Amino acid sequence: MFFHGTARVNGQSHLEIGGMDTVELAKQFGTPVYVYDVALIRERARGFRQTFEELGVKSQVAYASKAFSSIAMIQLAEEEGLSLDVVSGGELYTALAAEFPVERIHFHGNNKSREELEMALHYGVGCIVVDNFDELELLKSVCENKNTKTKILLRVTPGIEAHTHDYILTGQEDSKFGFDLQNGQAEAALKQAISTPWLETLGIHCHIGSQIFETTGFILAAEKIFEKLSIWKKELAYEPAVLNLGGGFGIRYTDEDAPIAASKYVEEIISEVKKLAGSYQMEMPEIWIEPGRSLVGDAGTTLYKTGSRKDVPNVRHYLAVDGGMSDNIRPALYQAKYEAVLANRPLEKAEETVSIAGKCCESGDMLIWDLPLPKAEREDLLAVFCTGAYGYSMANNYNRIPRPPVVFVENGEARLVVKRESFEDLIRLDLPLQEKIKN
Ligand SMILES: *Cc1c(COP(=O)(O)O)cnc(C)c1O
């Protein structure tokens, strides 16, 4: 079994995380519960930041908060000196509620509304990542109405898509995001942006994919962008202060995944950008990156209680848990794979292969297929690893299942940072068909 961060087996032969016995955590906070290993989040954040600092390259490491947004998480990002990506008014609101330094907030999204842009300008976010021509127009008009300037990055699609172990070169990028670099849209957008007095165009942004295990895609993207930058320098006298290469750094969910260290991504990105800037005789830009999953993914573990079994003779053992696609939709959404152990007896030898079912009314609500486990009984504790990214943030109330709480553990202490939803919470926004007649 592969343990992440501070996870280990303690003297009681229980799984322990952050110095806390998971059996005790389940008793205290109930199940399901998301448990985050705070020390591991800090280690991941430092892993990205340190290399920039050591190599003396101006940078921002922005946490893509869509991976897991909550007030405590954003405060932790602030403690670790990260910047923050938000993609909606709601994520911005959360960041503001956490009192995150607004100048380090970057606002993303392919369809920001007028209200969202007004909100961003009102609070003075550090930069707005402009995604398309419509938004460019809308932003100009919002700035004009408010008589406010703003900093922007232009999001481009460089014609490279990275997926896990391979990258795809696409001539004409068919994507809902960004200005195409190859067909002239990016250049047209840049011309508009730099001729707009309301907008200060800090630089260029791209994000090539997710769960990437190689540096090749980032390097190719940088090459494609610099080819254009060198032209724009000559023709438009434009040189960017910032090059943002996005996120997507891969993590280990199962032993099929072989992630590389943050330091290696950063080193190779820096050395490539230095080389490119040198060869085109351009100033070295600040490098910004936007890890989401790789900051929080492997720090999160979900604890479930096991329940019903269903044995289909000669076919499969189903073992159901007290959560499912309501707290982790990734397996149902894109066949995501996970590893798990019985947290109350992680050292016991596997005796059978079971498939972990959720409790939602969908046949597709399966969390793990074919997991080797000791013979599990009702009320065993199942720990599913690596649920820290896109778990809670995609959680939902399907079947009116309340969302689980989030607990941060560090140095033998546990802190509840998101409460469990109650049944009352579930009906909080509901209104009756008819007002009761008062008499
Ligand atoms: C989703 C996203 C990220 C983070 O992606 P991860 O795979 O979680 O690292 C970063 N930047 C942008 C623009 C994104 O859309």
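Each Cβ is built from the backbone N, Cα and C atoms, and glycine gets one as well.
Under a cutoff of 8 A between CB atoms, and with a sequence separation of 6+ in the same chain, the neighbours of Cys361 (active site, proton donor) are Asn399. Look at TrEMBL and you will find Cys361 tagged as active site, proton donor.
Taken residue by residue with DSSP, Glu290 (pyridoxal 5'-phosphate binding site) is part of neither helix nor strand, so it is coil. Per TrEMBL, pyridoxal 5'-phosphate binding site is recorded for Gly248, Glu290, Pro291, Gly292, Arg293, Tyr390.
For Arg293 (pyridoxal 5'-phosphate binding site), the same-chain residues lying six or more positions away in sequence with a CB closer than 8 A to its CB are Ala64, Ala67, Ser210, Gln211, Gly247, Gly248, Phe249, Gly250, Ile251, Ala389, Tyr390. Residues or ranges marked as substrate binding site in TrEMBL: Arg293, Arg330, Tyr334, Glu362, Tyr390.
What TrEMBL lists as domain 'Orn/DAP/Arg decarboxylase 2 C-terminal' is 34-388.
The domain 'Orn/DAP/Arg decarboxylase 2 N-terminal' annotation in TrEMBL covers 40-296. Model confidence over the domain 'Orn/DAP/Arg decarboxylase 2 N-terminal' (40-296) stands at 95, taken as the mean pLDDT rounded to a whole number.
The 10 Å shell around the Cβ of Lys66 (N6-(pyridoxal phosphate)lysine) contains 20 further Cβ atoms across the protein chains shown. In the three-state DSSP assignment, the secondary structure recorded for Lys66 (N6-(pyridoxal phosphate)lysine) is helix. Residues or ranges marked as N6-(pyridoxal phosphate)lysine in TrEMBL: Lys66.
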Around the recorded pyridoxal 5'-phosphate site, report the further residues of that chain (criterion: Cβ within 8 Å of the mean position of the Cβ atoms of Gly248, Glu290, Pro291, Gly292, Arg293, Tyr390; site residues excluded), sequence-ordered.
Ala64, Ala67, Ser210, Gly247, Phe249, Ser294, Leu295, Gly297, Ala389
Recorded positions close to ligand 1 - of Gly248, Glu290, Pro291, Arg293, Arg330, Cys361, only those whose C-beta is under 6 Å away:
Gly248, Glu290, Pro291, Arg293
Nearest to Glu362 (substrate binding site) by Cα, among Lys66, Glu290, Pro291, Gly292 (recorded positions)?
Lys66
Non-local Cβ contacts of Gly292 (pyridoxal 5'-phosphate binding site) (under 8 Å, 6 or more apart, same chain)?
Tyr63, Ala64, Ser65, Lys66, Ala67, Asp85, Gly247, Ala389
